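Visitor: Straight from Swiss-Prot, here's the annotation block:
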TRANSMEM  6-26  transmembrane segment
TRANSMEM  45-65  transmembrane segment
TRANSMEM  67-87  transmembrane segment
TRANSMEM  115-135  transmembrane segment
TRANSMEM  155-175  transmembrane segment
TRANSMEM  182-202  transmembrane segment
TRANSMEM  227-247  transmembrane segment
CARBOHYD  Asn252  N-linked glycosylation site
TRANSMEM  260-280  transmembrane segment
TRANSMEM  287-307  transmembrane segment
TRANSMEM  321-341  transmembrane segment
TRANSMEM  349-369  transmembrane segment
TRANSMEM  420-440  transmembrane segment
Amino acid sequence: MRRVTSVYVWLTVVVKDNTIIATAIPRITDQFKALEDVGWYGSSYLLVTCMFQLIFGKLYGYFPIKWVFLAAIIIFEIGSAVCGAAPTSDAFILEMVVSTYLPEPFDHVLSAGSFYINLPIGAVVIVVLLQFLHVPNTVPVEASSKTLFQHMDPLGVVTFLPAIVCLLLALQWGGTTFPWANGRIIALFVLAGVLLIAFLAIQRKRQDNAMVPPRIITMHPVAFSSLFMTLFAGAYFTIIYYLPIWFQAIKNASAVNSGIMCLPLMLSMVIFSFVAGGGVTATGNPVPFFYIATVLAAAGAGLMTTFEVHTGHPKWIGYQVLLGSGVGMGIQLPIIAVQAVLPAADIPVGTAILTFCQTFGGAIFVSVAQAVFANRLQTGLLRAVPGVSPGLVQEVGATNLDTVIDAQHMGAVKVVYNDALVSAWYLAVALFSVAVLGAVGMSTKRKSA
């Protein structure tokens, strides 16, 4: 029981980082004066997480599980320490990458404290795991260093990561730093496409030794579950990364209070995850819950696009509950569906692929949402408030607008800011809606006993 408890405590730390970053982002943009880097704060964390989900999944097969897990915790702790001490936005993004190797009393220290708090918790977990975590009946596969290196699919890594980085750079710079027709942006999109094609060719050639084995990903239940997970998670992360900004920039909430104001979303997610789990267990068929989840989530996200500067508590609480009920019901369904149809030997790989898709969808679509937000903010300010520099608004961050914008322009700036955030949420509505295609292709056939 103690070893199970220690593992769950550590999982709580990791989950905390997935959500606390979103709440701390407005404060981080103030500290580093880099509103344009919001997309990178989420995408860098999620991108490297999705990559190392698959790599660590393979490492567990070649080395003792306990020591691989402990090594990952130590790397995570180092990343948390350097994130808390990051002096610039660029350094923070780089250090976020380090902290993703594992699958506050005062508002002004929230951004650093969010990461430093991991250190004592991690130290306690390491001590407990050293004492009580015993993994029985695990025999690591013996392999030479050369064989191990090859099985990590290095060619897949060196084609996939640069491809996604090129794509994120194009989305980040397009329309703001450079025009969409600029040669740099076009070159980045072309290079991303070429590298992704190379990655797919490598996966096909390597088969079961690939990062994403074609034999498994092409199975109908896995393919459609992966599609659903990528779109559904992308929509969720798009909401959760920009909702705290809305509370802090539009409602003047502190970072701590904005976290509290997001509780309706989080609590409804928890409750309806149990509802979905119980429903699937009772009926033996996850497909109806896919449809219900997409309808609820799309409806909730759609209602959130009606947010205005003066939207009151009943609406932003109620809409979050509706959205959270759909997300909580749907976010775990792909894993349940895949585990119900895959042979036992393939379940770990299938689960790893879906976890990969979850964070991959977040990495890509948070960056897309940032491109939408930044472009709408810039064009909106130029059109509606010509006396205010878009560059100044982006440099000052999300919560210090009143320090550089005079009172006569503040109302108009908030309206433009609100419209830019809402525009990013339209992307979430579209993703939730299209995710229903995953349910259409889902197999309801359960694996034989």
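Cβ atoms here come from the backbone N, Cα and C positions, even for glycine.
The shown structure was predicted, so the numbers you read here are calculated from the model rather than taken from an experiment.
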Visitor: Count the CB pairs under 8 A between the transmembrane segment (260-280) and each of 182-202, 227-247, 287-307, 349-369, 420-440, then give me the winner.
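Guide: Of the candidates 182-202, 227-247, 287-307, 349-369, 420-440, 227-247 scores highest.
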Visitor: Let's check the environment of Asn252 (N-linked glycosylation site): how many other CB atoms sit within 10 Å of its CB?
Guide: 13
Visitor: If you count every Cβ pair below 8 Å, which range out of 155-175, 287-307, 321-341, 349-369, 420-440 shares the most with the transmembrane segment (227-247)?
Guide: 420-440
Visitor: Select the range from 155-175, 349-369, 420-440 that forms the most Cβ-Cβ pairs under 8 Å with the transmembrane segment (287-307).
Guide: 420-440
Visitor: Going along the chain, which residues at least six beyond the ends of the transmembrane segment (155-175) come within the CB cut-off of under 8 Å?
Guide: 36, 39-40, 43, 47, 51, 55, 182, 184-185, 188-189, 191-193, 195-196, 198-199, 202-203, 206, 210-212, 363-364, 367-368, 370-371, 374-375, 378
Visitor: Are there residues at least 6 beyond the ends of the transmembrane segment (349-369) whose Cβ is under 8 Å from a Cβ of it, and what are they?
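Guide: Hits for the transmembrane segment (349-369): 39-40, 42-43, 46-47, 49-51, 53-54, 57, 103, 164, 167-168, 171-172, 212-213, 216-217, 222, 225-226, 229-238, 241-242, 331, 334-335, 338-339, 342, 424, 427-428, 431.
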